[in-house]
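These features come from TrEMBL:
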DOMAIN    16-116  domain 'Ig-like'
DOMAIN    127-205  domain 'Ig-like'
DOMAIN    235-306  domain 'Ig-like'
DOMAIN    311-396  domain 'Ig-like'
REGION    409-434  region 'Disordered'
COMPBIAS  421-434  compositional bias 'Basic residues'
DOMAIN    438-535  domain 'Fibronectin type-III'
DOMAIN    539-635  domain 'Fibronectin type-III'
TRANSMEM  657-680  transmembrane segment
REGION    686-760  region 'Disordered'
Amino acid sequence: MALPSLLYVILGVSVPVIAEIEMEFTKYPESVTAPVGDEVTFECAVRVPGERLTWRWRADDDQEWRDWNNVDGINDKDGVTTRLVVQVRENTPTSLYQCMAWYGSIILVSIPARLTIAKIDLSRNSPERRVILAPLHNSVVLHCKEPRSEPPAKLSWWKETTKGSRKQLDTSHGVLVINNATVEDSGTYGCTAINDISEQTADLPERTYLKVQHEGHGGFRFLETEDYVGTIDKDRVLTMPVMPDNSLRLWCGAVGTPQPRVVWSKGTDTNLPGHTNSLVIENFTGEHEGVYSCSANALRRSWKVVALQPPHWEGSANSVNASEGLSARISCGVPHGQPAPVVHWMFNAELVKTGKGIKATDSDMYIERVEKRHAGVVQCFACNSLGCAYDAAMLTVVPVQISDQDYSAETPKIHIPSQSPKRHNKKNPRKHKAVLIPPSRPNVTRLSDKSVMVSWSHDNHGLPIQFFKVQYREVTNSSNIQWHTESTDIPTHIHSFEIDGLYPDKYYKFRIAAVYSNQDNKLGRSSGKFFLQRGGTQSPRAPTLDKATSLSPHSIQLNWTWSAHGGVEAEGFYVYYRAVSWAGAYEKVTAAGHQRSMVMAHLAPDTAYELKIQAYTAQAPSDFSAILIAKTQRALNAPSTSTEAPAKEEESAPGTLVTAGGAAGAAALLLILAGTFLLCRRAKRPHADKEKGPGPEGGTNNGYLPAKVPITITANPMHGEGGDSSVEMSFLHNNNCGNNANSDDTLPHSRKNGPSRQYV
């Protein structure tokens, strides 16, 4: 019996365990066998709406999964379901069809469906004629050589009559059994194959001539050779494969005179419920596998019986965080199935090429040196003649920090309201050359249906940064939506920021801007498209915050523990902190997945802080840990609240210097004012000598109203009003010494408040 090829309906499909990334298929295209002229529709559906859904196909030539051909399908508007219609023609080859779900740069491919043409292929059957000699009164069992057929053909026997016609025989399971054979049973026999789907009927070219005769005592033998009663494997072992949910049926076929007594056994177990010439085990499973034998006198024939099983994976793939330049290992578990499945490793819909730093086994794939191009979804497919099973893991690559020269010189600038840019010194431009190193490309993770956490890094080289800004925009259906800038100025030591108020089931992009000390700004690269999924995502376990220790007036060290315990692997941790006296939002910092401690810096001295932590994956955070409270140390130069003794007299020298400096400044000011006053009087004196003007009460005031209260300036702020050191400033109001339309240069300057005073 030939090993059956891929079932026309897949008997078992293994659903991948990738709940942590929530990008999975809810419906796969199913393998099908169809007759020529039929129209076949493949359907495929995903849980998370894809950016686009496409199809591809290739001939099933038992080669590597390469050279796929793209073909257009019919997609529903919801971005979840797609269909592909194929017309089956005479020249349509047996082919594999896959649907592909695109999530930005990530591509997920489905289990392949196999399209087979329903027909009988007799190319493997030769027109031979065999002669079978059987002794009288024995049970005669005859088999046909099964032809290639999809689905497997049903076999029936017929016998030629003396008139040249055919007599159909009642033969169950495609095996001819003649009990207590006589001479009348002699004759020519043949088989007919029937394909139920295509309704094709074909006579097999082999003919069997049976001659039943009287034989002497003995002559014990098997009537048929092994190639008629089973499959000869590559090790020349007689095997019998059993399809899932089918029964095992074996016929011994031993004859002799007298008819031999047949005993069936499995290994050393001889208590099998076998009849004289046949053994039947209903609902054969993997538990029944083994070597079955029939013994008759000195004869013995054995079959290695295997239960065919579709592939499945023992264990599940876990997402991997890898650092650029280091190694990475992706494991999918252990593949099982009968026949032994062939494993294909796919990365973003492309077959992984082993060699040159990449090695793959049936269970693991190793990358010796991870590059940014390796980031994406890695899928492992295990396939045999009954179907395929796959698992998938997200490979995240943490990039090495890059300098400003790796960014395009044409990176767009954004307008962030701020102070006017400071002018550079044109005499020495090199001294003020601004090297603007932008923030890294942000990493985005989901916090809830309406919020995400955006994290980035910066190497602190180049021009100092004053603060960061976060920008985002929706990119689900249009690229024309403007970027939205968050109003918060993020301090330079903070590299994580929560964005709230988003809409679920939408695609977003994020980027970080830095504002520098020269008031210029520069944008970092934008993130890839991030799909904000609505609920239903498995989250990692919450970490345990063990200890918070104050290290200095500005730092606290945190220690925590975390383990997956068979759950979702964490990609990193978010640490939240705020002053106990502050009721506002928490500040947030990010820790890598391998970290179990962190030093919180830039804290205020002598301040108590609330601290908590949560683990995260790309699509879900864990619950928070319990809150710990720790207080920073008091600063060494902090002012004391105790009362100190008065200082000694010799320690008052600084105050004396201040008083002396003030007196010197006042004296200098007095000299300047006196000089100005004398110059003004000298300029007006000739006019006054020639003609005397009116008295003090009748003179003009040169267009001003003199101050009625003298303004005094003193060298000592503690000097009393009216002391000898006071200097009157009222003359400053009469500071116009030139001609004026409302003035009369012939009149002497007068004071309305009384007689003139002497200024020295």
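If you go along the chain as it appears here, the first residue is 1 and each next one adds 1.
Placement of Cβ uses the backbone N, Cα and C atoms for every residue, glycine included.
Predicted automatically and left uncurated, TrEMBL annotations should be read as such.
Taking every recorded stretch in 16-116, 127-205, 311-396 and counting its Cβ pairs under 8 Å to the domain 'Fibronectin type-III' (438-535), the highest total belongs to 16-116. Taken residue by residue, the domain 'Fibronectin type-III' (539-635) breaks down under DSSP into 0 helix, 48 strand, 49 coil. According to DSSP, the domain 'Ig-like' (16-116) comprises 0 helix, 51 strand, 50 coil.
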